[in-house]
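Participant: Here you go, one structure.
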């Protein structure tokens, strides 16, 4: 079997002959609920998806391609006062166009901001940190954060752990789902299905370095059009992401349907998965050890024969000679 | 989606009562032997590709149909449709309609048999191709014989038939269009039009 | 019947020589062991999610999926079971002045020098603490647990609230485990205690030593009561 | 399109007006994105709504539906006033200098020759001054007051920016800003492209809207240029092909036209179509009309078509009216004059105006035959669906036969895209159940009718009995056989016209292209403009060579485009009079001293000397037309006309209603409403998630946009007490629909003629069959009137009212 090469573009035709995937379990850098994950022997080139929001026309081709590639079946909902459908990410809809009609207070112009939402593939993934099931969430050295559904227990901790509110747990299978960055496609040298489909090529895919360079060009072009605050969204708080945005208003990402300005793994989650875990175990351990020691070292609290007699006395005194 | 998992989970649940009281029975070592990390098997392996163009708008994006089975033998089923990256216009991209072409091809409301609705009926009933086509041919012949205007008041041959009309499709091939226009114009149908009118 | 202060209906002196005192009837014992069983299952399943090194415990339930599925349901059973227990026991677990005195001298308690401490009713100060700690923690656990019960209540609270619920749940769980250890250990350390929850009776000596006021009341009530 | 999708990347400025390219043609719109990103091109959107195209535009301006001509004439006025004119182009390549008949003029919104009772113009004055030599007179200095340029100046004079604001509701500052952006493209090295679609065609003066922009593009010198042109985005995948193939009442393949009763014989017919040049040395390519027509008739009736019988000319129906278009046919149906109707892949019940009238009309048929891969509302027009199709099946006597056809994925053949590329495709799947190819169905119908005529005889059976049907399997002609027939072949020996000893094609061989067509019966070709698609070199439509020298976007070896694989029409005009490219950075074709060469197939005889033969070879003048003579029924210049249903009066003449030259049937005229009862302007459009009425059958697209809605401004919502996603009723004088309301900032009231006007946006993708939720279409409301020239219905501007309401009822059947 020929080995696949890493993808450098989103747009190529998929192979129909079998190829060996270019990354696999040997490339894991993180594995959920695993204490002794060995460092991989090799370091893969980081990949990234770049979403240029300024080129996006909100056509939902990404959603369509995502459904088709991943064989999901999102439920048909209703019209709820926006073009956004489904109304939210679901276990069957891994990506979603979020529409915002925003009147720019500086220019008084209407801007229709459309952002493709979905997993950001954080360098420091909150979902993985929160996950209690060993190997249910993994991160490969190329940056892909993937859910291994067979290992998922459906607890929803990833939902709490994610700074971007992405994972969704299915009510049918009780397994969490999210964008895989089309790991199955990337493995054989293809870009993600959404990136391939995107009609205006607002979604690009390649090495993270290439994507950052491309973003720089785009930002320069946007600045020439008067978008002085154009910039790249690759937030440091989560160690950078493998899905990045070019924004016209990078100074206020919140206007794009609540894209967090400074995302990071919540301190609550950090504490829960950090200090609490260890202090908790320590407390339980200490209590167990303490009582055991007390049991071994100290004397048991025994009732003496004398007590029994006293009790009889007491009962008789109190009870008289009734019996 | 993952039927295996839920079934397995269910079986384990059934055994949970026993397991809970019998630590050794299940064995700690066996506890949920974790699946190793893997990516989904690439679903287009061993499929057949056919080059086509999107039937929707007139950008005419190149698409590749991935199928299993033999088209000529009549058993080919399309598993996936994707943009053709070689195509100069779309370069592999597709819009939300094009990207979902597979489910257009397999739409639940695709027609699979000729049907006939009697006058006044509230439903269709199946009809054979032969019966349907004979009915159509007979109706055409009778109406044409009765209503073809052969000459006008001035005696000019006009061979015009206006009591039958034909609307042509906008997504059929040029070749089908040629076959269609040959037949319709030869019959003398004046009320001939196509979607371009709209 | 005279108003009971340190005992409740069902508590009675069964035999005199030797003295045997009925402490818990079969329903109460069943109720207790149901609660205890739930707690153990919750503890085991909960710990498996708490730390990777304990994940193997989920194997006892047939795997993580079932452990995850069962845990909250067991929690609900525990909550309801404990609620019954609570209602049955709450009156005698209301704190009294003697409890303060008793608790203020832990050295004597641990050294088992109870003759130097005030006489206790059916429950001593430590038992009352366990009772109230369990009550409080179970309430916290059930509320926070529901907030993080993905399968049925995924949209109940916002994700930030859910995070707080999660950390609260885990801290409460640690605490309840500690309380549980204390409870179990105290039952073991205080010999003669466990039979109260197995056979339902304790010896007169046990009652005399640990819950003399209770014993006194039962003895008095027995005399005052109608002849059998 | 004069150009192609891939060519758009060469532009400097894109104006999307009368269309919504990002939503309706997302993958084609990619090339706008590409031009923006790579060339720094700017994008202007002019639309009543802030569309998804507008969301990525550099500049947006609103416009009232149906006021585009005033806007465009205002733009032309501004260009002239501010000297933003590509003078060399205008002088040499347009008819600016030609002198117009003294009798021609206009007043009160009407041109000379108007006959109100006929709703028609006598166009005899709409002509050039013709000299004794038979050629049109010119004044190259453009001083003569009767030259086209000066008439144009006078014609556009009323359309000041203030007047544009008053008529169109486009704020003056926005209009002027856009004028400046467009004005830059009058420089020879700056190019604008116009992208339009049904936002311009679906008006009673749709053709004039497009002419307005075409004239502006000529004044800017942008026709024939890379990155320029007039680009009709077109609707369906083969709408271009169906038009090219002439599947219309008044057309024959290759834009030949159907004879009328005045064409009493073949020679009379030809005499009116063989245009002689109107200026010296000009090509006037239609002089070859007889070759195309005879070859077509030979393709139809083969050996039966002889010179003696006028090549079977009499077999063709001759029209007594301009057009038996769909509107006329449905009107006739409505009156009980039609018995049989065929809908091949067409869903008129949702596609045509005034659905109530359509339902009544269909109910009067004896037999309706539908051929479609999918369920259609038309095939089930008799079925009750509650509010969504409120009919009584028992009262409808029409018999219906519903035939299942294959779809694209199961068939082979070519489709012509809007850039005129004929692309071959191959099947990937097998037809479901008993579904059959359309070609098979047409063959079966034909063979059975022919058999009946053979057996029984009948009225004029010859056109049927003699139809050329010599396919290997007459039951199902193959795509290859049909394509070759379209391309054409030599029936006799074809020799060079000048050097007759030179044999071009032996009998039986496929023709190289239409230059080998002859009018003596020695050639046949189903569609002359497609000649060359499958010649002796093979199937050129199947070519897949992606090479593109110097990245011009031409892709000459990818598929095949008509005519003769030319990718940009009028490309000769990309070079100046001497044959040098206007913009050296954007060379297309040029004169190398001996011949025309370049990146495209030159749109001129390759040896035609620059300066003598002008670029617009199809026109007898050799130049393009700012003044269109008698070719448009509603005027040689576009003039402002209100929609038939308009909230304001025509400022030129308040007594005029709609297009004075447009046909309207009496019953339909009676149903026209005024703004007294219907104060809001309705407009229809597509959404990117759906394709017409097809994708509502697709569960995926139904997820992406599940339910019918209408769009209204926050202001109108407030006025009517409508909340976002509330149910509303929208009604016109012809019908009523229920929809969820989408209250949006993307629609704003327009200030027109001192009044605040509200637009109600009505998307068109829902019906009562398929996977999506049941819904209505705008055609329940739209008026039954079409464009004066081509009868495209006026679905983009009509009057409605709106109120809050309760949800519709579903009906018993599902």
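Backbone N, Cα and C define each Cβ position, glycine as well.
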Participant: Check each of the ranges A:278-300, A:301-323 against TrEMBL and return the one annotated as region 'Disordered'.
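Facilitator: When A:278-300, A:301-323 are checked in TrEMBL, region 'Disordered' belongs to A:301-323.
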Participant: Which of A:182, A:198 shares the [4Fe-4S] cluster 1 site with A:56, A:59, A:62 per TrEMBL?
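Facilitator: Looking through A:182, A:198, the residue TrEMBL assigns to the [4Fe-4S] cluster 1 site is A:198.
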Participant: Which residue of A:122, A:131 does TrEMBL report at the same [4Fe-4S] cluster 4 site as A:152, A:155, A:158?
Facilitator: A:131
Participant: Across the domain '4Fe-4S ferredoxin-type' (A:47-77), what is the average pLDDT of the model, as a whole number?
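Facilitator: Overall, the domain '4Fe-4S ferredoxin-type' (A:47-77) comes to a mean pLDDT of 97.
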Participant: Tell me, how many other CB atoms lie within 10 A of the CB of residue A:119 ([4Fe-4S] cluster 3 binding site), whichever protein chain they belong to?
Facilitator: 27
Participant: Once A:119, A:122, A:127, A:162 are set aside, which residues in the chain still have Cβ within 8 Å of the Cβ centroid of the [4Fe-4S] cluster 3 site?
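Facilitator: Residues close to the [4Fe-4S] cluster 3 site, other than A:119, A:122, A:127, A:162: A:120, A:121, A:125, A:126, A:128, A:145, A:158, A:161, A:163, A:164, A:166, A:167, A:178.
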Participant: Quick one: among the binding-site residues A:66, A:155, A:182, A:198, which has the most Cβ atoms sitting within 10 Å of its own Cβ?
Facilitator: A:198
Participant: Name the residues of the same chain, 6+ apart in sequence, whose Cβ is under 8 Å from the Cβ of residue A:194 ([4Fe-4S] cluster 2 binding site)?
Facilitator: A:49, A:61, A:62, A:63, A:65, A:66, A:95, A:116, A:118, A:182, A:203
Participant: Taking CB atoms only, which of the binding-site residues A:59, A:119, A:162 fall under 8 A from chain B?
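Facilitator: Cβ contacts with B, in sequence order: A:59.
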Participant: Summarise the compositional bias 'Polar residues' (A:1-12) as counts of helix, strand and coil residues per DSSP.
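Facilitator: Final tally across the stretch: 0 helix, 2 strand, 10 coil.
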Participant: Identify, in sequence order, the residues in the chain of residue A:152 ([4Fe-4S] cluster 4 binding site) that are 6 or more apart from it along the sequence and have a CB within less than 8 Å of its CB; answer 'none' if there are none.
Facilitator: A:133, A:136, A:175, A:176
Participant: Among the binding-site residues listed here (A:56, A:131, A:158, A:179), which has the Cα closest to the Cα of residue A:119 ([4Fe-4S] cluster 3 binding site)?
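Facilitator: Given the candidates A:56, A:131, A:158, A:179, the nearest one is A:179.
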Participant: Considering only CB atoms and a limit under 8 Å, which binding-site residues from A:56, A:155, A:182 lie near chain C?
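Facilitator: Going by the Cβ criterion (under 8 Å to chain C), the qualifying binding-site residues are A:155.
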Participant: Below 8 angstroms Cβ to Cβ, which residues of this chain, lying six or more residues outside the domain '4Fe-4S ferredoxin-type' (A:143-172), approach it?
Facilitator: 46-48, 89-92, 117-123, 125-137, 178-181, 183, 186, 208, 237-238, 242, 260, 263-266, 269, 273
Participant: Reduced to three states, what secondary structure does DSSP give residue A:62 ([4Fe-4S] cluster 1 binding site)?
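Facilitator: Helix, per DSSP.
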Participant: With a CB cutoff of 8 A to chain D, go through the binding-site residues A:59, A:122, A:155, A:179 and name the hits, or write none.
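Facilitator: Qualifying residues, whose Cβ lies under 8 Å from chain D: A:59.
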